[in-house]
Number of protein chains: 6
Amino acid sequence: MTRPSGRAVDQLREVSITRNFTCHAEGSVLVCFGNTKVICTASIENRVPPFMRGEGRGWVTAEYGMLPRSTGSRMGREAARGKQGGRTVEIQRLIGRSLRAAVDLEALGENSITIDCDVIQADGGTRTASITGACVAMADAIAVMQERGMIEGNPLKQMIAAISVGVYEGKAVLDLDYPEDSNAETDMNVIMGENGGFIEVQGTAEGEPYSREELNQMLDLAGKGIGELIAMQKEALK
Amino acid sequence: MTRPSGRAVDQLREVSITRNFTCHAEGSVLVCFGNTKVICTASIENRVPPFMRGEGRGWVTAEYGMLPRSTGSRMGREAARGKQGGRTVEIQRLIGRSLRAAVDLEALGENSITIDCDVIQADGGTRTASITGACVAMADAIAVMQERGMIEGNPLKQMIAAISVGVYEGKAVLDLDYPEDSNAETDMNVIMGENGGFIEVQGTAEGEPYSREELNQMLDLAGKGIGELIAMQKEALK
Amino acid sequence: MTRPSGRAVDQLREVSITRNFTCHAEGSVLVCFGNTKVICTASIENRVPPFMRGEGRGWVTAEYGMLPRSTGSRMGREAARGKQGGRTVEIQRLIGRSLRAAVDLEALGENSITIDCDVIQADGGTRTASITGACVAMADAIAVMQERGMIEGNPLKQMIAAISVGVYEGKAVLDLDYPEDSNAETDMNVIMGENGGFIEVQGTAEGEPYSREELNQMLDLAGKGIGELIAMQKEALK
Amino acid sequence: MTRPSGRAVDQLREVSITRNFTCHAEGSVLVCFGNTKVICTASIENRVPPFMRGEGRGWVTAEYGMLPRSTGSRMGREAARGKQGGRTVEIQRLIGRSLRAAVDLEALGENSITIDCDVIQADGGTRTASITGACVAMADAIAVMQERGMIEGNPLKQMIAAISVGVYEGKAVLDLDYPEDSNAETDMNVIMGENGGFIEVQGTAEGEPYSREELNQMLDLAGKGIGELIAMQKEALK
Amino acid sequence: MTRPSGRAVDQLREVSITRNFTCHAEGSVLVCFGNTKVICTASIENRVPPFMRGEGRGWVTAEYGMLPRSTGSRMGREAARGKQGGRTVEIQRLIGRSLRAAVDLEALGENSITIDCDVIQADGGTRTASITGACVAMADAIAVMQERGMIEGNPLKQMIAAISVGVYEGKAVLDLDYPEDSNAETDMNVIMGENGGFIEVQGTAEGEPYSREELNQMLDLAGKGIGELIAMQKEALK
Amino acid sequence: MTRPSGRAVDQLREVSITRNFTCHAEGSVLVCFGNTKVICTASIENRVPPFMRGEGRGWVTAEYGMLPRSTGSRMGREAARGKQGGRTVEIQRLIGRSLRAAVDLEALGENSITIDCDVIQADGGTRTASITGACVAMADAIAVMQERGMIEGNPLKQMIAAISVGVYEGKAVLDLDYPEDSNAETDMNVIMGENGGFIEVQGTAEGEPYSREELNQMLDLAGKGIGELIAMQKEALK
């Protein structure tokens, strides 16, 4: 088997993480996994949603969107259609849930962080790039909160990152691009923390069910990829 | 550790599968996982959505809902609020995707099966009960399609079933009810086919990340539970 | 004339009223008028809507829905379409208005009762079955309010019940099922209290206008049917 | 008892019916029941809604609205709130249903008439004024259809009119204005044809249930009022 | 060139301004620019929107609508379609912005004026007729506020009026009716105050771009027309 | 007077136009007017909207959006709120209208161009930057249509560009940034073609009305700025 991109089965695409990409957000990152490019911003507010008020804990939430022409053919704009599609809702819930696992909400106090992940160019793996970039943006936003005296101590428990793995032409591969993703037999997204624990595993058989062995191979690849991504996040944050 | 229900860690709740629960649908099942009760219907149509016309393949899709007072405190009715919530969207996408893995869409011809899973009483595990019951309703609907001469052969490739597993008070347990679910450290939904392959695995750390070892224990429990569920499905379909 | 069901013109379908049908709601009733089956729940809250606060009176409101496959062909799910249809709105307004006539809102204090009527199987007369069942669920919920000390005295002024009557093949008949309802010349829904007074009368000519004499025959039948229904409600509540 | 307006119990408000009120619609009527003023237009189209195509029958439908400041305090604009309220939906369904009873849909051919009733000033009885005015607008529109050769013969089977009756301070009264309507014990809307038959009767107890005797008194008043209204419609159409 | 209406290039249509057109609003004007007829009401409230509370200033806002059959062919009702169209939104923003320029919001105190402009018959120039009529309705509403002691002094800084101008068959013309408007090369709406200053100028090339000279000719015509309109407003307010 | 940015009154911000900014769209431009940064894409389709089919003409339309954190404080995402705000609607209508003035729709054949302008960073003038960048993206898309043989000849009649002008601290200035824009007495957007004609002029008094003289000064500045912008567009397209 040869991957369409010529990469080795355990090889990430070229990844870049650019901080301060836009000027207004407390954290703003352009993350690229190959041709997949996502603007991730983290916005802070000194209050929490109504249902959490008075409990002394903070909140982290996320929204996700794709520019209409981030894809090969133009998608209808969700704002114009009047609602977010099911895929969008599913992805933004995943991003929010994952990032909350990186933060001690008690230590955040009654403050909120809102993550926005907007895909400007898509080539597979937009949700994993989003989570990986958003964690860096969130780290920057938390630093701003510290500078402004909104919080004491560091609510960031650990960096987290995400990667897709899959079974493509019978073989487990790391970080699928669109040509692989649209033909994979199995597609799995893995989110892990820097301590090596799992935050979320979502693996879907696109055609035939997958075996326990394939699952293990994919998790091995994911562990390797996430280790590399977390190293890059840390390098970017230096 | 003692489970709130007193069950063994690898013990399912009492499960019942009642076919022909309502009279109009081609497949209609009341499925109970303990106090969780879901009406699953399968409706057939001799056409497919516009985006699939002329391709000769069929379609399986699903919708999910909860009666407003299926839960301890009343939830707002989604029809009245004017949209389905994120959790609903996520669950119905999962149900549809899982059931499509049980069916040979080519063999279905240009026909559709629409699954409706409506929770009338909730006590944890509504999505896994839904999938397990819906697969039986779908088998009944496919039999109706055969009787009516809409299809030749059997598009049902295999039965599938779903179960939740989790880490509760530090120990992997099978089939969480609401008191466990709301306090679990990790929550995982597993959908498998009768051949033992994975169709979907979704595992989320609610607090701390979970280890590879915990993941393996949960998958072992899930495999045992799903084996029992598929036996019950087959018994019900006799 | 013979009715499709073989019933006498003044004969109700077999009616059953099952209390405590689900476990979470303060009142939960499964009501069956023949093949029409509706789950009616009553949910209590110790507050009233904003526009009524501080007036010392309570509120009773209702919502109505049909499961997508409660009918012969699948109806689109209102939550998915993003709004409740005109028929739904009309029916739930009728249910709420009727039940408020059974309750002394002053005696209810600043508490609310929300009725949910969800049709799981439809065969004509869903709104009248809903009102008849909901009144029993409401009686149970009021008893819970008394037990919990939320109210003193009994705000339930009287039981109410509802029945459809119509002119079918030129003759006034009681409690129309779907085959009659879809061919009736006139369709009338009558809601009465146990003291024999009218709470609501809604009579619609489906084809030709109806005469005063026909109206009187229909009201006579309705009075007989409602007397029987109220006796069944009281028996169920014993 | 004295009515707030000083009218006799069986006395209508001053009624006027002005045809050709606006210039674009095929039928356009300003109808006034005292201070209640409604613009009723009838618009014709040479086609029917998709669900009726090819059946050779026509369709009549209606929409209803109130200008935001037709009432004592400003109501939010339904177009701005993004949906029609329950009362609006209920009224426009009633108007459409009533007017369909005046028309032979077969004789209309595959043509549609859309009625718009827009209240510019409200003082009670807007739905009955709407129906009474709309029937005149529809008669004008049908004449246009005849002139244009869209139909042969006359699909208008009879004129219809509507009036409210109620029990106010213990006495049955005809054509309630707002001060009466907001204090009535019972409120009933009656729609009748020129042949004296009932098209729709909707009577609601606002407080205590009403008796069969009160119902009969109200229907007697309604019959008298509708006779007068139909005479005025015919005078206006001369 | 001859204008379809036979008017001179600098001639307004017949304009009428009728105050107290409906009885509930604090200001209610029927304004006619030829066959264009708009009901303009001004409603007062002794509070401001949440985002302005506590700042001591008032607010003026506007909503615009067209009755479905105000036009040659029936337009769908925006309330039924569930949203206001782009044209509606654009026009009501323009009306609100223009009227705010006529009022000293500080002198208004924390009070609001809501303008509703509802077109009952359209023949071009509905937005300019709306603004011109609404300013008179607002003047009446401000007088009511003074009578009720809600404000001291006069927050109305000046009367404003609006007119359309355009290039039609190569020549600048004043106050376009529908036959001109739908064929104009350039369409411009001008809003001016009584002191001769510009409040808003919006000029759009419908076909070829327009020159500076044409722009100047149009502005000259607009100045003349607005002078006449403001004189009529003042006459009406006497 | 000194401008906050230190620019001369007739000086544009630094402008850059980067083609091929993203890879999927037929035209993709990043346009920067100082700190205002907008991604403009042009997408082609070989069909027109239903209301235009069979007329042989093409269509150009536009949509506009701002990333939630393109601004100083986070704005709610329009897709999540379920509708586009009034300002968005107004701007995207302006963009579409302006670009249609640059194209010969007959020469476009039955093809569509959809423009998407998404603001990733805002500092005043987002609509004028959008139009200026979108015209370049559209030129690129038209070239693709020519290459693909979708059209013969060149439907692009001329380049167009847009700039804001205003009165700031009593003086007319060119190309307002956010600090000027939010304090300007008058704000005007001018769209012109390369032949010097006006396509759209929209000038709004934010406080006091503006004089004819101020209007003329602003138009002079706009003419100068647009001349420079069109030169930059042509340079970029070389």
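Think of each number as a place in line: the chain as shown, counted from 1.
Backbone N, Cα and C atoms are what each Cβ position is placed from, and that goes for glycine too.
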The phosphate site in TrEMBL lists D:GLY125, D:THR126, D:ARG127. Which one of D:ARG81, D:ARG87, D:ARG100 belongs there according to the record?
D:ARG87
Tell me, roughly as an integer, the mean pLDDT over the domain 'Exoribonuclease phosphorolytic' (D:11-141).
97
Pairwise C-alpha maximum, in angstrom, for the residues (D:ARG87, D:GLY125, D:THR126, D:ARG127) that bind phosphate according to the record:
13
If you take the centroid of the Cβ atoms of D:ARG87, D:GLY125, D:THR126, D:ARG127, the listed phosphate site, which other residues of that chain have their Cβ within 8 Å of it?
D:TYR64, D:ILE91, D:VAL119, D:ALA122, D:GLY124, D:THR128, D:ALA129, D:SER130
Identify, among the binding-site residues D:ARG87, D:GLY125, D:THR126, D:ARG127, the residue whose Cβ has the fewest other Cβ atoms within 10 Å in this structure.
D:ARG87
